[in-house]
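Peer 1: Checked TrEMBL, it gives:
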type     : residues                        : note
BINDING  : 44-51, 161-164, Val190, 198-201 : ATP binding site
ACT_SITE : His51                           : active site, proton donor
BINDING  : Gln75                           : beta-alanine binding site
BINDING  : Gln75, Gln167                   : (R)-pantoate binding site
Amino acid sequence: MSAPVVQDPVFPQNPKTARTIADLRTVVTTWKRDGLRVGFVPTMGALHDGHLALVRHAQSVSDKVVVSIFVNPMQFAPTEDLERYPRREVEDIAKLAEVGCDLVYLPTPEIMYPADFVTRVHVDGPAQGLETDFRPQFFDGVATVVCKLFNQVMPDVAVFGEKDYQQLKVVQAFARDLDMPVEVVGLPTVREMDGLALSSRNAYLKPEDRAQAIALYNALRHVRAAVVDGLDVEAAITEATGNLTAAGFAKVDYIAVRHAETLGDPVDGEPQRILAAAWLGTTRLIDNIGV
Ligand code: AMP
């Protein structure tokens, strides 16, 4: 018999927490036996209103909602911010209690990646270019952990943010290719009043950087205006890159116009997406908008 699921001592009402696959399964299999539809929102924690919008949407399309909090070591390069990434478990559980999430799944790296772990899920197509040009390990790490999480949680529907647009397309691709019985839904990016996309990494920004961060969204809008008006898009990308540098961004990794579904070259008359990544001080920000 599996161990009973622990009622979190800090929040004895809701949500329940599970820290092992067995505890998670005990709850989810009971729901499934009762014919309930399970929604799932994977996160790395340090939750903000963007994450909570995903949870609310998951609640609106399912009977029970699981949120995972796991800072996935496999998607970070040794030079990246794995150690520094914000971890706020108690506050996160409180926020999830407030929105009425049913179960918070908090696996450890040892549970996800035991010593004999030897598998990688690799996606081509939408995973090629953009983020991969700068973070070659990233999407193998994301696809592997999300694949594992889908097998662990067994959701009927999983909700992701368009904030990480390339990630959304990568997850949709492997869920389709591997015949996973889960519907992967993307939701629009939640932004601050000035337009900055909410992100756990915004916590890294110094106050003086925060004021400049909005330049990234403005750069995307500058390029979108050129696409919509039929102007020279390459020239607009060059101008937008210059605007970011003028606003104090240290380095622009990319600003690109892509086909909204394949993330390959844009095709006239078909939906397009504009995506960007740039460094403000030591913080790497990403954002994207539809055309
Ligand atoms: P993360 O914790 O950064 O791995 O993100 C977990 C999920 O939340 C991903 O599906 C993200 O795309 C989504 N997300 C992050 N920021 C936002 C935002 N500002 N609006 C909507 N969804 C978001």
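Just so you know, glycine gets a Cβ as well, placed from its N, Cα and C.
TrEMBL: automatically predicted annotations, no manual curation.
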Peer 1: Near ligand 1, which of the binding-site residues Leu47, Gln75, Glu162, Val190 are found, taking a Cβ distance under 6 A to any of its atoms?
Peer 2: Val190
Peer 1: Under a three-state reduction of DSSP output, how is Gln167 ((R)-pantoate binding site) classified: helix, strand, or coil?
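Peer 2: It is helical.
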Peer 1: Around His51 (active site, proton donor), which of the listed binding-site residues (Gln75, Glu162, Gln167, Val190) come within 10 Å, judging by Cα atoms?
Peer 2: Val190
Peer 1: On a count of neighbouring CB atoms within 10 A, which of the recorded positions His51, Val190, Ser200 is highest?
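Peer 2: That would be His51, with the most Cβ atoms nearby.
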Peer 1: Fill in the CA-CA distance, Leu47 (ATP binding site) to Gln167 ((R)-pantoate binding site), as an integer in Å.
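Peer 2: Per the Cα atoms, Leu47 (ATP binding site) and Gln167 ((R)-pantoate binding site) stand 18 Å apart.
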Peer 1: How big is the gap, in Å, between the Cα of Glu162 (ATP binding site) and that of Gln75 (beta-alanine binding site), rounded to a whole number?
Peer 2: 18
